[in-house]
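Per TrEMBL, coiled coil is recorded for 3-41. The domain 'SGF29 C-terminal' annotation in TrEMBL covers 179-320.
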């Protein structure tokens with residue numbers, strides 16, 4: 001019943017999202033005329049300024065360079081008429097941009113709600129033992145398929161887009177979860193477990209449940225194909241980022257060069273200690289990291305790319 005309800009709500013949200021996309025296009029088309037006016041106004045200003053240059057060019061001959069430049073700037077300064085006109089045009093453009101931005105934020109909220117419902121539906125189907133062709137049971141998932149899904153999860157991680165003055169929230173980029181945060185069923189985490197040989201390692205896992213009575217999680221190893229389930233204390237769980245941080249607007253929400261982290265080694269489901277080599281420069285960029293590796297002379301691997309989704313803080317001290 002819950003699955004049917006979720007499907008119905010998703011259909012409603014998709015309809016609302018379609019309407020918001022249409023509104024965005026309508027708003028963009030409406031504001032285009034004003035943007036064209038801004039461009040044409042600047043072109044007219046440049047044309048008029050160029051026509052004045054020959055008139056005062058001879059007057060500048062023989063003047064000191066600084067004074068000649070001042071005279072030239074006076075001729076090319078924005079006139080009161082154009083200053084007033086441009087102020088009005090830019091004020092309108094700013095209002096148009098804010099209106100379009102508000103519609104886009106509503107659309108992003110709809111997308112987030114759709115993704116949340118899809119995740120809830122997946123978990124409900126998993127618990128009920130119901131799987132469709134696009135969501136096979138874990139025990140039948142091939143490793144290549146798993147790696148593709150992990151890559152898609154990293155690519156589709158939403159970018160945090162705050163309003164002016166907003167600070168990135170917990171679980172955005174490098175910002176850790178709050179002290180009382182409890183990961184929800186289905187959330188992906190880095191989990192510290194004992195390996196078959198007795199050593200401990202950090203693995204990529206999915207939360208099954210959390211007990212407030214014992215303060216312990218039950219998690220499934222993403223790569224265990226339905227085998228042993230781990231019961232772990234909170235200190236052995238690190239929630240993964242839920243938003244990518246934008247390097248252009250929120251660089252403080254990213255790990256910085258030479259900072260010690262745990263990063264998912266490419267084509268595996270295990271986290272290893274690494275140093276940040278280069279933080280992302282653009283929203284779509286990955287981290288470049290140096291994994292600790294004793295097989296290299298300096299103790300670190302060559303730079304490897306790891307998505308923001310799979311880089312978390314390492315509280316252990318840096319090896320000397």
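Glycine too: its Cβ is placed from the backbone N, Cα and C atoms.
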May I ask for the residues of the chain that lie six or more residues beyond the coiled coil (3-41) and have a Cβ under 8 Å from a Cβ within it?
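Contacts of the coiled coil (3-41) (Cβ under 8 Å, skipping residues fewer than 6 from its ends): 82, 85-86, 89-90, 92-93, 96-97, 99-100, 103-104, 106-107, 110-111, 113-114, 117-118, 120-121, 124-125, 130.
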By DSSP, what is the split of the domain 'SGF29 C-terminal' (179-320) into helix, strand and coil residues?
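The domain 'SGF29 C-terminal' (179-320) comes out at 9 helix, 62 strand, 71 coil.
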Return the average pLDDT for the domain 'SGF29 C-terminal' (179-320) as a whole number.
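Its mean pLDDT is 92.
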